Amino acid sequence: MYLNITGMTCDSCATHVKDALEKVPGVLSALVSYPKGSAQLATDPGTSPEALTAAVAGLGYKATPADAPSTSARGRLLGKALGWLGGGDKAGGDGDGLHVAVIGSGAAMAAALKAVEQGANVTLIERGTIGGTCVNVGCVPSKIMIRAAHIAHLRRESPFDGGIAATVPAIDRSKLLAQQQARVDELRHAKYEGILDDNPAITVLHGEARFKDDQSLAVRLNDGGERVVAFDRCLVATGASPAVPPIPGLKESPYWTSTEALVSDTIPERLAVIGSSVVALELAQAFARLGSKVTILARSTLFFREDPAIGEAVTAAFRAEGIKVLEYTQASQVAHVDGEFVLTTGYGEIRADQLLVATGRAPNTRSLALEAAGVAANAQGAIVIDKGMRTSTPHIYAAGDCTDQPQFVYVAAAAGTRAAINMTGGDAALDLTAMPAVVFTDPQVATVGYSEAEAHHDGIETDSRTLTLDNVPRALANFDTRGFIKLVIEEGSGRLIGVQAVAPEAGELIQTAVLAIRNRMTVQELADQLFPYLTMVEGLKLAAQTFSKDVKQLSCCAG
């Protein structure tokens, strides 16, 4: 049965209408779309249309019966509603293509949409908030907070203080948080919930999934009960959660992970940060710029896995802003007494009003019962996959942070898309040889390809050049010359194989380096390209030119 509905103004309206319709006797399930102004219902014979319109009218909207869509669309909808969401204890496809189960709703969305595009029917299972980590408690809110902190920093201090009077910004964290969360909600509705609501080939179950065997899942529904989902193919894309180190006293204290830090409506006067992960450094600087006195406890140096110059540059920038960076320092004990954290280290005690623990993320796989499906994981719980995202059980796939792939949302989405292609009969692999990475500190850190040490480890002879930003016109015009651009080439061929950059806009230049490496360009070919003058990406051209000339002796825009 189908209804046209007028008067709805948002996705929440559609949710209320759905709830009301599903309370009408005889209604098995309802799919309500605010953008389309429609409802699609699976009902028992004899269900009263008048009861349906009355239920909608009771919410202040108007509903009128509508013509059914095409036979194929109707069959797909009823197959979903009656077969997967009906009163039975089995959920499965209706025979019109493969039935794919997707566990997760963050980057897993890319896989679900690609599977539908390939002709499959999808059951998507999410135990938490639709959208996963990135949009809800990761990339999006953190970058909003970082941007707000950057604005606060520039008001307090900038290279133009001689002509623009500096001022101490008044920080209202509660208002910043409201602005941040409003954008998060907007993106979640637009890019996840709304898309799912409007796709009749995707059924969403809210609950926690575990494998019964290699062909079915048991889903403990959030609103009670359990449902069995049978599948032809399955994708595990459950992401990762903050890892907490086994420091005595830590678990008994009210510490923050990044999740709590991003939704805090207060700025602590003193913040201690355990860890030197990307998340630790981004949030440490953001809180410092919003008013906290920040101390970072780093087990080694910052960015110790990268070219040493990167860690040195960021450490210098942090210390210049008053952030304490304690290298080779670990907490052996954490106590929380009278509202104060006390961290015991080999160099004495550190006291703080709040403690952020950001030592990395662990795969969300412990509750999946992977062994029941014969799916192998490594010692850290990460699912082992091949280049086609297949697990040790070939018709079960995995992608993203729950695997041993690099923990970036764009890697997870790309892996999920390729998994969907493969599970529907295609052949796609994920090539990470030119994978960009960006850290949103200030200055930013961006890398792609080999560092010199990595190349030497793989037996590649290299040559390299490092261009400091005082040779880049954009940086000079900005009066901000912190950082450098380093190019690594294969000796002999001159082919570009790696780029490392520390610069305020490093993230905006790295994709050009990705394309150069992907297309096997030589450093001379890169130097010969036209780059817009007074852009930061022009620094790539200048760095390439340093292999054959002294750029200090060139005019500003020398070709």
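Residue 1 is the first one shown; counting continues down the chain.
Quick reminder: no glycine exception, Cβ is built from N, Cα and C everywhere.
As written in Swiss-Prot, here are the features:
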type: BINDING; residues: Cys10, Cys13; note: metal cation binding site
type: BINDING; residues: Ala108, Gly128, Thr133, Lys143, Ala209, Asp401, Val409; note: FAD binding site
type: BINDING; residues: Cys556, Cys557; note: Hg(2+) binding site
type: DISULFID; residues: Cys134-Cys139; note: disulfide bond
type: DOMAIN; residues: 1-64; note: domain 'HMA'
Sparsest-packed among the recorded positions, when each Cβ's other Cβ atoms within 10 Å are tallied, from Cys13, Ala108, Cys134, Ala209, Cys556
Cys556
Counting only residues 6+ apart in the same chain, whose Cβ is under 8 Å from the Cβ of Thr133 (FAD binding site)?
Gly106, Cys139, Gly239, Ala240, Asp401, Val409
Tell me the residue counts in helix, strand and coil for the domain 'HMA' (1-64), as DSSP assigns them.
21 helix, 21 strand, 22 coil
How many Å separate the Cα atoms of Ala108 (FAD binding site) and Cys13 (metal cation binding site)?
26
Across all protein chains in the structure, which of the binding-site residues Gly128, Lys143, Asp401, Val409 has the highest Cβ count within 10 Å?
Asp401
Out of Cys139, Cys557, the listed recorded positions, fewest other Cβ atoms within 10 Å surround the Cβ of Cys557
Rounded to the nearest angstrom, how far is the Cα of Cys134 (disulfide bond) from the Cα of Ala209 (FAD binding site)?
21
Nearest to Cys556 (Hg(2+) binding site) by C-alpha distance, among the recorded positions Cys13, Gly128, Cys134, is Cys134
Just give me the nearest neighbour of Cys134 (disulfide bond) among the binding-site residues Cys13, Gly128, Lys143, Cys557, Cα to Cα.
Lys143
I want to verify one value. Collapsing DSSP to three states, which class is Ala209 (FAD binding site)?
strand
Translate the DSSP assignment of Asp401 (FAD binding site) into the three-state scheme.
helix
Reading the DSSP string in three states, the entry for Lys143 (FAD binding site) is helix
Can you give me the average pLDDT across the domain 'HMA' (1-64), rounded to a whole number?
84
Consider each pair of residues in Ala108, Gly128, Thr133, Lys143, Ala209, Asp401, Val409, all listed by the record as binding FAD, and report the largest Cα separation in Å as a whole number.
31
